[in-house]
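Below is one structure, written out as structure tokens, with a few remarks after it.
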Amino acid sequence: MADSAGIQQGSPAIGAAGLVPAAPGAGGTEGSGAAGGSARIAVKKAQLRSSPRPKKLEKLGVYSSCKAEGACKCNGWKSQNPPPTPPRTDQQSNAVNLQEPCRSCSHTLGDHVTHLENVSEEEMNRLLGIVLDVEYLYTCVHKEEDADTKQVYFSLFKLLRKSILQMGKPMLEASESPPFEKPSIEQGVNNFVQYKFSHLPSKERQTIMELAKMFLNQINYWQLETPSQRRQRVPNDDAVGYKSNYTRWLCYCNVPQFCDSLPRYETTQIFGRTLLRSVFTVMRKQLLEQARQEKDKLPPEKRTLILTHFPKFLSMLEEEVYSHSSPIWSQDFLAAASGGQIPMHTVISAPPVPRPLYYSTSPVSLDPSICGSVSPARKTASVLEPNTNTVGEKRKPSDPLPHEENKRPRVVGDIPMDLINEVMATITDPAAIPETSLLSAHSARDEAARLEERRGVIEFHVIGNSLNQKPNKRILMWLVGLQNVFSHQLPRMPKEYITRLVFDPKHKTLSLIKDGRVIGGICFRMFPSQGFTEIVFCAVTSNEQVKGYGTHLMNHLKEYHIKHEILNFLTYADEYAIGYFKKQGFSKDIKVPKAKYVGYIKDYEGATLMGCELNPSIPYTEFSVIIKKQKEIIKKLIERKQAQIRKVYPGLSCFKEGVRQIPIESIPGIRETGWKPAGKGKELKDPDQLYSTLKTILQHVKSHQNAWPFMEPVKKTEAPGYYQVIRFPMGIRAFQGSERLKSRYYTTRKLFMADMQRIFTNCREYNPPESEYYKCANLLEKFFYTKIKEAGLIEK
């Protein structure tokens, strides 16, 4: 049994349709029948394998072709006197006579099983297992009503029948073999946990992992709807793609749960985002409905976990599943960057044992008090549950990368990954890094607010009025509270004007709620067609100021707009507000073309127009935490570097011998300090001249006798584990293969030199110093810098 990193997987829930593997032919959603069917097959196999050898030969003879002389074409022995009804398995059957003739070809049973005379007991038991799977699939073919499912059952029936005749192992013949999509669902969920919750303390993160395990369990034992059922429910869906995945799921995941002669894979390990998208909505609805119906049956210690935190976990995951640019589905996602993953099994061939929804594979017991406070980070994003009486818009976690072009890989540089991971493990350990005092000069402005949000003291909700829905009392109370806060904090603004905009259906307000009452908010109007949002009012009640609420409010608003793909804010700020907006990234340099906002935004006398351009790569609500971690990483790396260079070198004696000067790089220990040649040189301003110079240098490098190892991409077969060690490979071919030169990508010499330097750095990182590749890298690097100097790009 193979192992790989990830979240352990357990077993499914019992109760609602779709939660348990239905036995083939059992109608698709009858969980109890499914589990019973699997158990009955296992019992039959055990009984048959314990039978006398002649009885086994009789069973195998039915599916074995005749081996008698004369080229008999009979493909299975048939008894002359079959019993009128199937014999009971608990009764001792009559002795088998190998001389009994076949009803089809008249040859004896012995002629059908001569090839089994010298077969071991183990091999015979394996073939008998396939026989019972064949009989079970034969029944399924006749019972199944869905044409697509019936066709798959029949194909598997023929495959197993052929395996018995040829005494081989059943091998599914397909254009693709598992896994069918990368990253898998399992890896995507692991990435999701790392991406959204790596900042949480270890106990809270453990609870998140429990939720992830439960979710993966459900998918592994989820009963997919047939293609015809899906066509009726979702007429405009990709029917061909779903049918392909459904067929694969039947062959590799569902049927092997009952026919264990076929190799079985976990659904979450061979399928990816495409299948998850096709089942997530229905699955989430049924899971939550089942949890509500069975809440009284849940163990007390699991009740909070399942009823409170699991729905929020699913909501956050749903956002990443359906987002077109979520980073968790990128194969470049470094899931290990924020800590380790939990081991899980890759291929499971044993029949499953259904367990309830709250079954946990983790030996760690969960403290209910921890469960109650586990999701402050998710509380920050949760808002009013949408219903017919609520006009509050559900505030979900934002997508930090809504545009594909912004998904840039993390540059590792020349620092070894094992060192990075070691430092990360140090700084993510709560015991290893002291908490910054909230009164410290180094504390982030929003740190206190973020901690309060995490503890559930404050909440953020995007709300607004509506003319076509029944008003919600709580929403209206909050809107009145916002009107009071804005009126009190903005005394020069007419109250009637504030009231009109706050209650205007075209405006929304991000409200800050503490102890059930409004203490601040930002009123805004979105102009999606123009690509910007106007911020109308922004205020926090006077007795709650200087706590970082204003900064945290703006950060939430930024993430909300990144999710909606609006990346520009405009606002008119009076003289008292200019300082605040500057701290939030606003400036008087407006990036939005004037034609886009003239006639849309409200003009105010005596106020200054300010704008802010959002960066979709930044998770604004966690930005200060990220910066803090980065500072700690740099600090730890500096400390390690200082420890390494404390070695004392002997003094220079060459000057006593008459030497007047020496190159700086020849001083012992100078390079260990991190010193590098200044590399100053002229920067070519003319793009054509720069292109011509770089092209000439590249031609010289390609022609060098030591360039051969770097001309083609490294093959995985030739260098095992290369792409795990080298995260960002680079080769000479990439300079022209990607047309970087032709497209004028290299606007400066430094970009060109950085790419070339990565070739040499990667080579030395992967290969040992005594290897030929390592030596080639050194020689080619020396030649490259010689050519750079000759071209005048750096000083000689």
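Heads up, the Cβ atoms here are built off N, Cα and C, so glycines get one too.
Automated prediction, rather than curation, is the source of TrEMBL annotations.
Since this is a predicted model, take the numbers as computed values, not measurements.
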Per TrEMBL, the range holding region 'Disordered', considering 377-409, 674-706: 377-409
Correct range for region 'Disordered' (source TrEMBL, candidates 1-39, 40-78, 157-195): 1-39
Rounded inter-Cα distance in Å - E534 (active site, proton donor/acceptor), G550 (acetyl-CoA binding site): 17
Most distant Cα pair in Å, residues C538, A539, V540, Q545, V546, K547, G548, Y549, G550, T551, Y576, A577, I578, G579 binding acetyl-CoA: 19
Under 8 Å by Cβ from G550 (acetyl-CoA binding site), same chain, sequence gap 6 or more: G520, C538, V540, Y580
Residues in the domain 'Bromo' (702-774) grouped by DSSP into helix, strand and remaining coil: 36 helix, 0 strand, 37 coil
V540 (acetyl-CoA binding site), number of other Cβ atoms within 10 Å: 20
Which same-chain residues, if any, lie at least 6 apart from Y576 (acetyl-CoA binding site) yet have Cβ under 8 Å of it: none
